Amino acid sequence: MDLTKLRLERRGRFWGKEVMPYLGYVIQSGVAVLLLFLLIAFSAWYTSLVQHIPEGLPIRWIMLILFVPLTVNSSFRTYLQPADTVFLLPQESKMSQYFNASWISGVIYKLLGIALVFLISWPLYVRSDTHPKAFWFFLIVLVALKLLASYGCWKELRMVSRRTSMAYRLLRYVILALSIAAWLWQPAGRSMIFILLLAVTYFVALRIPAKHLVAWERLIAQEKTHSGRVLMMLGWFVNVPGRQQRIYSRKWLSWAGNRIPWKPEAAYRYLLMKSFVRSDIFGIVLRAGILGALLVWWTRSGMLGSGIYLFFVFLAGVQLSSLLRYHSESFWLHVYPIPPGSRRTNAIGLAFQIQLLLAVLIWLPLLGTGAGRLGTAFMTLAAGVILCLLFRFFAGRKKTADDDDDE
Amino acid sequence: MNGNTVLDIQGLSGGYSLNRPVLHDISFQVKPGEMVGLIGLNGAGKSTTMKHILGLMNPQKGEIRVQGKKREEDSETYHSSLAFVPESPLLYEEMTVREHLEFTARAYNVARGDYEERADRLARIFRMQDKMDSLSTHLSKGMRQKVMIMCAFVARPSLYIIDEPFLGLDPLGIRSLLDFMVELKEGGSSILLSSHILSTIENYCDRFIVLHQGNVIAQGSLQSIAAQAGTTGAGLEDMFYTLVQGRD
């Protein structure tokens, strides 16, 4: 069996048959145009920032916050399927042929991404830092750290013990954060020695835990998560049927939805709330909310704060629009006596309420501007509420495939 | 139609394609407090019949009434009157066992107090007390099947459609299920049950419907089936074998 060819075929099938057919809709969708507009707006703002850099800009912290996640986060598309535990298991000893391409593509695209962000951030860095590092030297350090993190992540995936794997994940975060911090704050020579020592120690430490030859179940679960994320992103623009997402148990949120009225009309809302709090979307919306609130706090004294606020309310709306497509193919929703029309009403209502809550929470930092700008702050809140209402209005008008079953 | 009938199927023909119907003019009834076994070889049309009853497929000919109502007349009342246990468990990965039961109870408008009492009892009967707060992804196949059964039983409709319920259940689970079905039947509920384990269901079902290649080839009590098969003193398995043998 040609395992390299098999992976290539699977990759072609995923991108060619599952993703490509939707790209046309993505380009046509209004959201794509708006994102393009936001990109242009960001470019204009960034150019102006680079030309008029504020005094005392914490550029080292900005570079640290920018590059730690970019170097640490590693993932690999294996395109493995559940049936592989039966049909590919006999090939286990030769699976390195299959995974080589996964490793290479998993690293190369991310390196390109890092290089792009580095190129964009370079003008700001080189003009703000009192002792900037050399361009190529900085880029090589980032590439080397990315390779180290990817290697570590790949080894973690093969570890027998889940707990050990989690501990090593934490270790990867610490080592990468320390390395980048040392590189930013310390002289080049000293920081290089520190990074090398850390890397060697990490490299040796990775050899200690027991590992599977191929961690089938974990790799299959990871693949499901990654393909689910790609389809989820497509779902922001167009209705993608049959996509699966990773589920997080989040026991601390198990109370959510329990107070929803006990009646058939609200039964779907109960299901939706439970699905939401254990979904990827919840994590994304939560992270976006925290980041949005921090940025709004940081820029609260100018109009930029209002712009960033509205952008994050918009972003939350785009993410929450996925709720409308949840369970569109659910078997039980055809069998259970759920009142016709209640699915759509519940989904729109829940997405609106969550977006509105977020709009209020992200707005709170604007109150820190003091009494002088309270008027602007309340106008911004009003704009945020109108944006939420617009999302609700368009969601109500949009006809989706599940309406046919629902009404 | 008989007014004292929970499920009434008359002249049902249907399938995935108009040109090639899977079911051919089948008719049968299930009365209150009756447990009826729907038996047949693989591909005989058992699951297709159930899909038609559930409203997942539309009849090409004939009609289906549950509690005297057709699905087109009042979908909500129709669906409130029946619960289904599928052959393979279909669970929401993002919900725990308890949440599945609660979602079902909410959808079927079961009073909260009744739900809590039934959920506790079902968890005890099916030995699932320590799994009630586990996500469905963390359950074994047999446990997932138990959740499906518990969901159907928490709803307490007048008709249960149960497709191959014993697959994946441990012996104690099978016994609990059979005992519970008897209890429901004695309480006036009706059950349409499909299974290949004929030796088990022959002692529990009041009547049997034998499907073969989409046709009802025999129906009635065990004695009546024996008479139609021309076998006396034999078990249901032998009667079934006699009935389908040579009909291909």
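Placed from the backbone N, Cα and C atoms, the Cβ positions cover glycine too.
The feature transmembrane segment is assigned by TrEMBL to A:21-46 (among others).
According to TrEMBL, the transmembrane segment annotation covers A:58-80 (among others).
If you look up TrEMBL, you'll see A:101-122 (among others) marked as transmembrane segment.
The annotation transmembrane segment is assigned in TrEMBL to A:134-154 (among others).
For A:166-185 (among others), the entry in TrEMBL reads transmembrane segment.
The annotation transmembrane segment is assigned in TrEMBL to A:191-210 (among others).
Here the transmembrane segment (A:281-300) has Cβ contacts under 8 Å with residues 232, 245, 248, 250, 253, 308-309, 311-313, 315-316, 319-320, 322-323, 354, 358, 361-366, 368-369 of the same chain, all six or more residues outside its ends. Positions annotated as transmembrane segment by TrEMBL: A:281-300 (among others).
What TrEMBL records for A:306-326 (among others) is transmembrane segment.
TrEMBL lists A:347-368 (among others) with the feature transmembrane segment. Sequence-distant neighbours of the transmembrane segment (A:347-368) (same chain, 6+ residues past either end, Cβ-Cβ under 8 Å): 268-269, 272-273, 276, 285, 289, 292-294, 296-297, 300, 305-306, 309, 312-313, 316-317, 320-321, 323-324, 326, 374, 376-377, 380-381, 384-385, 387-389, 391-392, 395-396.
Listed by sequence, the residues of this chain that lie at least six past the ends of the transmembrane segment (A:374-395) yet keep a Cβ under 8 A from its Cβ atoms are 303, 305-306, 309-310, 313-314, 317, 320-321, 324, 347-348, 351-352, 355-356, 359-360, 362-363, 366-367. Annotated transmembrane segment per TrEMBL: A:374-395 (among others), in sequence order.
Spatially, the transmembrane segment (A:191-210) is not adjacent to the transmembrane segment (A:58-80); fewer than three Cβ-Cβ distances between them are under 8 Å for residues at least 6 apart in sequence.
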